[in-house]
Structures are given as C-alpha cells and as structure tokens.
Amino acid sequence: MASEKVETIIAGNYVEMEREEGHTKGDKRKISNLLWHGGSVYDAWFSCASNQVAQVLLTLPYSFSQLGMLSGIMFQLFYGLMGSWTAYLISVLYVEYRTRKEREKVDFRNHVIQWFEVLDGLLGKHWRNTGLFFNCTFLLFGSVIQLIACASNIYYINDNLDKRTWTYIFGACCAATVFIPSFHNYRIWSFLGLLMTTYTAWYLTIASLIHGQVEGVKHSAPITMVLYFTGATNILYTFGGHAVTVEIMHAMWKPQKFKLIYLVATLYVLTLTLPSASAVYRAFGDLLLTHSNALALLPRTRFRDTAVVLMLIHQFITFGFACTPLYFVWEKFLGVHDTKSIFKRALTRLPVVIPIWFLAIIFPFFGPINSTVGSLLVSFTVYIIPALAHMVTFAPAVARENAVERPPKFVGGWIGLYSINTFVVVWVLIVGFGFGGWASMLNFIRQVDTFGVFTKCYQCPPHKA
C-alpha cells in the first residue's frame, strides 16, 4: 500500500502537467509533442544510452592499446556494472528526496530537481556544496570534450582548416543548445543520437575487419603503469555518464520506473563498444598509441565520412546533454529558472558556453583529457559521492525502516548493499582517483610539454607539399 501511495505522489504532478499542456495546445500540436516532448521509460532509455556512448566510442581503441585486449574487455564489463549500480543509487536518492518534499506539498512543476538539491535535502549544505562543485566541474569539462571531439572529427573530412579554427566554429554552433528548454525536449534527438553512434560503432568494427591487420602490427600493451591506468580511467569515464541522471529522471512522467533503465542502456552500449574497440585494436595495435581518434587510421571512404558527419551531429546533442544541467544551475543562480520565456532563459544561458569554448581551445588533447577528467572528477561525481551519500542517508534505523525504495533481495538486503557501496568507494578512491589520477596527470602533462597549450592542430599529420 505504501509503495502505491508513493507512486501516486511521484507521478501526480507529471500527469497534471501533461493534461494542462494538452488542453492549451490542442490537437494540432500532437506531432510536435510526439517529436519534442518526452517523458516515457523509452525516452529515458534513449537519453541514457545516447549520452553514455558519445565521442568516447572513438577513444576506446586508444585505451585498448594502453591496456591490452583482455584488460580492456574486463574493465568495460566491470565499470559498466559499477556505473549501473551507482546510477541505481542516485535514482533511489532522487525518489527518496522527491517523495519527502511532495509530502510537504512542494510543487516541482516549474522547477527541475538537480543532484546537488537532492544532496542538500537529504544530507545538508556541505554535501550540497561538494556535489555542486564536482558535478558542475565534470559537466563543464564533459562539454569541453564534446567540443574538442567535433574539431577532431571534422578535420578528417576537411583539413583545409586546422582543428583550433574548427573549435571556434563548432563552439558557436553548440551555443544553439541554449534554446532547448530541458531534457523533456530531447526526445527525437536522443533517438537519432543513438542511431548515429550505432552506425559509427559498427562501421568501426566492419571497416577494421575488412581492412585487416596492418603489416608488422604489434600488440605490446600493457607497456607501462602510466599507460595502463590512463586507459583504465578512460573506461571509468566512459561508464560515468550518469552525472545527468537526476535531470533525466525528473523529465520522466514516472521517475520511480528509472531503476533498471541505466543497466539496460549499459548492456546495449557494450554491444557497441566491445566489438568496435576490439576490432580496431586488433587491426592497428600499437599505432593507436599515437592516434587517440580511431577514425584517423581508417582509409577515407564515403562510409567513414558518413560516420564523421553522424558523430558531429551526435556530439552537438551530447554537448546539450552535458551543458543543460549547467544552464539550470546558472538560471537558478540568476533567479530566472522559473520563467516561461525561452528567449529570456536562452540569453541568460549564453555566458555558460564561453568558458567551455575557451578551455577547448587551451587543451585540445582529444583522448588524454578524457582520462584526466575520469580520474579527478568522474571518480567522485558519479561513483564515490553517490555511494557515500546513500550509506549516510540510510544510516539511521528509522531512515531504513521508512525508505521508499528498499535494497533488492538479490544483493543481500541492507548489509549486502552497504558492502557493495563500501567496495565501490574503496576501489574507485584507490584505483580510479589514486592510480588513475597519477597516471592520467602524467600523460596530460606530457601532452602539454609535447604540443603546448593553444596548439593549432593536435596530432595532425604534416601537410603534403
């Protein structure tokens, strides 16, 4: 009975919203709503899967060249499972927070709940400030990475301009995401984005198999500890895309149904990442150590050009995914989050894009920057903080007794759940942040020493006379 009551509370405001919008817009807007306004389980799944496997798809073969085939596969499976677990924890904390607030008659119809607000409501301002810092910094650099990826990819079909110039151009293009109000409005984009990455993944797989192994190919990995842990943290980053979990849940009509969505999305993503990374690494081996973008090694064909164009569009979408929570934070800071004017909100959002643009020009290190962000930011944002927050929230016996979402039986109840959370915290703190941070920072500094900041064309082949 209790769970049924909670579900009614959680879903109530969304049903109300949909009815109000339906009456005001009329039947002529049904097609627009079908493409633009999503909140179903399927929308959430497309958002999670599309967001998780963006440009990192092109850098995973590079990670395999650092880790070796076996370690690359094992780390993908391991971090995929761990990421799904912490996404589940975030969803539990969101439902707990929202249920408590709606019992207090708080109305969220014109307000998007974010992760730092969940931490604030359940654990206080210190947790809120910590979560806000890590989440915003990660999403900032996540947006930077998408912008770098745009310039890196377009260069392989048009090298008349250097990558820095392309970064200027795509920075202006990505600024258009300020006009997308919320994750409700990514329905068609999420669907198309997943189709695009699916095409690219299978292009990489099939093209590498047809190409065959290059003459004298070597598979030396793992060579050094630095390269090994750098590759591992890129995979940690790959399956740490759930920094926007709360915003995706809030866009759902029934957020309590989110529980297994991220796991199912991860399973689909693995069908893309494992074959493509394995096939490219098998074909090119150690050459990938100096070519962090897998597209650089494949011969130019119309199929490769199609993959480049589709990834460019997808990176625009993923830029929006990463930047939208930052827009929300900035709107709340300026006090315009509740306004219904799209243009007013868009104007206030524009300053958020400027530092992203600037950082992408300073550090255009496609590949190495992923590992650095993974070890220093993703490790805390989506692994350590959610696991610790869940343990502290339900530490009191009364909190466990009144929990909206109890631990699944197959994990062994509360004892099993706390054991898993403790393992996640210890593992990521030591391996992800400790060894990974050390390795990725050394590799990142090496890129700065080799290429310098503000480099015009990172890893570009010399032009033929």
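Heads up, the Cβ atoms here are built off N, Cα and C, so glycines get one too.
Unlike curated records, TrEMBL annotations are generated automatically.
Quick look at what TrEMBL lists:
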- 37-430: domain 'Amino acid transporter transmembrane' (DOMAIN)
- 73-95: transmembrane segment (TRANSMEM)
- 132-154: transmembrane segment (TRANSMEM)
- 166-184: transmembrane segment (TRANSMEM)
- 191-214: transmembrane segment (TRANSMEM)
- 226-248: transmembrane segment (TRANSMEM)
- 260-281: transmembrane segment (TRANSMEM)
- 307-330: transmembrane segment (TRANSMEM)
- 350-369: transmembrane segment (TRANSMEM)
- 375-399: transmembrane segment (TRANSMEM)
- 411-435: transmembrane segment (TRANSMEM)
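Away from its own ends, the transmembrane segment (226-248) comes close to residues 44, 47-48, 51-54, 56, 59-60, 62-67, 71-72, 75-76, 79-80, 82-84, 86-87, 90-91, 94, 112-115, 118, 135, 138-139, 142, 182-183, 258, 262, 266, 269, 273, 289, 321-322, 324-325, 328, 367-368, 370-375, 378-379, 381-383, 428, 431-432, 435-440, 442-443 of its chain (Cβ-Cβ under 8 Å, at least six residues beyond either end). With a cut-off of 8 Å on Cβ pairs spaced 6 or more residues apart, the transmembrane segment (375-399) and the transmembrane segment (260-281) reach fewer than 3 such pairs and are scored as not touching.
Between the transmembrane segment (166-184) and the transmembrane segment (132-154), three or more CB pairs separated by 6 or more residues in sequence fall under 8 Å, so the two stretches touch. In this chain, the transmembrane segment (73-95) lies in contact with the transmembrane segment (411-435); the count of Cβ pairs under 8 Å, excluding pairs fewer than 6 apart in sequence, is at least 3. For the transmembrane segment (307-330), the neighbouring stretch richest in Cβ pairs under 8 Å, chosen from 73-95, 191-214, 350-369, is 191-214. Here the transmembrane segment (260-281) sits apart from the transmembrane segment (132-154); fewer than 3 CB pairs are under 8 Å, leaving out pairs fewer than 6 apart in sequence. Most Cβ pairs under 8 A with the transmembrane segment (350-369) among the ranges 73-95, 132-154, 191-214 are made by 132-154.
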